[in-house]
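What TrEMBL says about this protein:
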DOMAIN    62-401  domain 'Amidohydrolase-related'
BINDING   Glu143, His211, His232  Zn(2+) binding site
BINDING   Ala154, Asn235, Ala236, Arg243, His272, Leu328, Ser329, Gly330  substrate binding site
ACT_SITE  Asp294  active site, proton donor/acceptor
Amino acid sequence: MPSNKSVSDAPIVQFTNCRILRDHQLQREDLWVREGKILNPEKLFFDEKGSADAQLDCKGSIIAPGFIDVQINGGFGVDFSLATDDFKSGIDLVSQKILSHGVTSFCPTLVTSPPSVYHQILPQISVRNGGAHGAGVLGAHLEGPFISREKKGAHPEHCLRTFEASAFQDLLATYGSLDCVRIVTLAPEMKRSSEVIQELTKRGICVSLGHSVANLSQAEEAVQHGATFITHLFNAMLPFHHRDPGIVGLLTSDKIPPGRRVFYGMISDGIHTNPAALRIAHRAHPRGLVLVTDAIAGMGLAPGRHTLGQQVVEIDGLNTYIAGTKTLSGSVATMDTCVRHFQEATGCSVETALEAASLHPAQLLGIEHNKGTLNYGSDADFLMLNDNLYVRATYIAGQEVWRQDASGM
């Protein structure tokens, strides 16, 4: 038994009367937290002879890991692709507001922009832990500009780029720095993309395939060189064709290197993907599905005109279009809404729906030992939800950072 001197005297909080999502199942157990981490109660009792300093009755709530959004372009009037002098205050606002959606960590996402925008914005993004100030920042997701003209979607065509002879140097010159970058979305059919994928992967940056007209063999080659993600499956890529299923075919490909898993993002807002397509993808490859909001500056605001980087977009109900067109441009759905829609559309279990927004994005980013689970030793980033998967309270590092008030607001 260790000496008591080696044991922390920090307060221990015991969350009772709850069902905890652990090992893919909701289990009737208590949750123990100390110093921002999930505690193993057996070690506490038997090694330390310790007990809780405080108890909190969860009143039958589900306790699940905090949601992780790896593709969010902004929200509440803030556009992450718009270079402003007070960019950091915009990040702060969004990170605070998304706590009510159950998001405890996120990747601010920049759509295709001119190099000057990347050079101005990226130095202002810093990886940081979450807390009372808001959700944690895991690093930037750069969606473009190395994407297909045919599948540019809402990305401005005049800003698109290709890889020239010194491909990786082109990318570095465009972005200016990769210090805070976590994910890069590119089109794998581009010449010299393989060497770029290898260089990014070497640096621990996740490569995602998207806004692309790649065929299946091009997509498989990209995965063999290190790509691990697909940006918003079905959107901005060739539709599934039985003779060449394109990027979508990666979900059931037999050319994935052993021990590797391909993940894919899905915007489960009822607009971007028909429920039948959501069901097809989920049934084909359930362990790879990652829910993303792809939310834009208009999330949380009234319908009307807003921005997405260099473009003006129009919000009409839950639909967001490039102004004057019918081209979809991101979403205004919140992460908790996406989780509920996914569960309803697929008929999957509550556990599966919650893991698609927590465990799977953590696994994609290789941070599942700290986030996305409630295993012992993990960060105590978690949510209390009711049986209909509405968020009641959000905790980061064991501290309550948001709670639904008595009026239900």
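The backbone N, Cα and C atoms fix where each Cβ goes, and this holds for glycine too.
Everything TrEMBL records as a feature, shown here on the structure.
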residue: Glu143; record: Zn(2+) binding site; Cβ within 10 Å: 29
residue: Ala154; record: substrate binding site; Cβ within 10 Å: 24
residue: His232; record: Zn(2+) binding site; Cβ within 10 Å: 25
residue: Asn235; record: substrate binding site; Cβ within 10 Å: 18
residue: Ala236; record: substrate binding site; Cβ within 10 Å: 26
residue: Arg243; record: substrate binding site; Cβ within 10 Å: 6
residue: His272; record: substrate binding site; Cβ within 10 Å: 24
residue: Leu328; record: substrate binding site; Cβ within 10 Å: 20
residue: Ser329; record: substrate binding site; Cβ within 10 Å: 26
residue: Gly330; record: substrate binding site; Cβ within 10 Å: 31
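Within 8 Å of the centroid of the Cβ atoms of Glu143, His211, His232, where the record puts Zn(2+), the same chain has further Cβ atoms from Gln71, Gly144, Ile147, Gly153, His155, Thr185, Ser208, Gly210, Thr231, Asn235, Ala236.
Annotation: His272, Asp294 are the recorded positions among Ala154, His272, Asp294 whose CA atoms are within 10 angstroms of the CA of His232 (Zn(2+) binding site).
Ranking the recorded positions Asn235, Arg243, His272, Asp294, Leu328 by the distance of their Cα atoms from the Cα of Glu143 (Zn(2+) binding site) places Asp294 first.
The two recorded residues, Ser329 (substrate binding site) and His211 (Zn(2+) binding site), show a Cα separation of 12 Å. In this structure, the CA atom of His272 (substrate binding site) is 10 Å away from the CA atom of the residue listed as 'active site, proton donor/acceptor'.
The two recorded residues, Gly330 (substrate binding site) and Asp294 (active site, proton donor/acceptor), show a Cα separation of 5 Å.
All protein chains shown were included, and the count of other CB atoms within 10 Å of the CB of Asp294 (active site, proton donor/acceptor) stands at 29. Annotation: no recorded positions among Arg243, Asp294, Leu328 have CA atoms within 10 angstroms of the CA of His211 (Zn(2+) binding site).
The distance from the Cα of Leu328 (substrate binding site) to the Cα of Asp294 (active site, proton donor/acceptor) comes to 11 Å.
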